[in-house]
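What TrEMBL says about this protein:
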BINDING   108-112, His171, Arg215, 266-270, 295-300  ATP binding site
DOMAIN    1-78  domain 'Phosphagen kinase N-terminal'
DOMAIN    105-342  domain 'Phosphagen kinase C-terminal'
Amino acid sequence: MKYPEFTKQHQSLMASNLTQAVFTQLQDVVTTNGVTLNDVINSGLLNPDSDIGVYAWDTESYQDFASLFNPIISQYHEFNENTLHTTNLNPDNLNINDPDPNNKYIVSTRIRVGRNLAEMPLGPAITKAQRDEVETQTVTALTKMTGSLSGQYFALSGMSDEVKTQLINDHFLFKAGDRFFEAAGLNRDWPEGRGIYHNNDKTFLVWINEEDQLRIISMQAGGNITEVFTRLTTALTELEQHLNFSFTQRLGYISSCPTNLGTAMRASVHIKLPYLGKNMPLFKSITKTYHLQIRGIHGEHSAIEGGVYDISNRRRLGITEVECVQDLYNGVLALITQEKLLEQSLKQA
């Protein structure tokens, strides 16, 4: 393997941190799952517009390729590599109310976490047999869910048109990943071993073997963030009785994408901000202050539609789950306050 020929288009954290010295140190490293340096950087090489540029193929990748991963993790999360990650999933520690009790601005609230099984390699390196075993173990655990979390599992393979249509209408169905996933090996054997579980109320959802082996989601219409978070933590408590998730004291919950380490949590709202949307410098300054990210409602790299934005926490590592949700609440409150001021000033003009 030769040192990559980076172009001016390669602006990822991988490209800026993979120096000749780091490359020389890592070029012959192979994890116990057979993962090489070329594997972890392939997505970033093939996609120059990648922001991060690396995927861990197994938990060992973070240790064996540490001289590449550590600076990327530190720069993205603003996290000291000698700091230990802490966890707090107690909803009683939140200091929040509904930021939009009249439902004028917030369309919906969604909090998800990624989880991977400790005994398995991550999605890019997992074999078909291992992926099927993840599905079997997870479905077995989900069938034991109780109360409002109980529901039904739908395997993507062999799914009927009727079920597929319903899941599309519910916005639950996930598709094969984009070119970034493809280059990382995350689309192999599609759609085998993948599926969707949701409760009867359609407020709790689990994607099996998408980017992470489990993507656990709590959601509902409106802005009751506490209720959404409480449902999620209840589900995690039940699942952890049956599944052993990959976790380290330094990096928290392990994910193939370094941006999802730590809490592996994305707390978000879909929110109508038509006036702020016309003043993006102000909009972005508020989200930066509260460590939030702006996206289109159809996910990363999607366009903004109808003045509705997806706002989520940017920080995940080195802070607790409660702090992630608190970031979202504080920022959303500030955004709504500013939206009201802009609306009033334009009406008075």
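Placement of Cβ uses the backbone N, Cα and C atoms for every residue, glycine included.
Features recorded in TrEMBL, as mapped to the structure shown.
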residue : record           : Cβ contacts under 8 Å, 6 or more apart
Ser108  : ATP binding site : Met219, Gln220, Ala221, Gly222, Val269, His270
Ile111  : ATP binding site : Ile217, Ser218, Met219, Ile225, Val228, Phe229, Leu232, Met265, Arg266, Ala267, Ser268, Val325
Arg215  : ATP binding site : Arg112, Val113, Gly114, Arg115, Val206, Trp207
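Other Cβ atoms within 10 Å of the Cβ of Ser268 (ATP binding site), summed over all protein chains shown, number 24. Within 10 Å of the Cβ of Arg295 (ATP binding site) there are 17 other Cβ atoms, across all protein chains. DSSP labels the residues of the domain 'Phosphagen kinase N-terminal' (1-78) in these numbers: 38 helix, 2 strand, 38 coil. The secondary structure of Arg295 (ATP binding site), as reduced to three states from DSSP, is extended strand.
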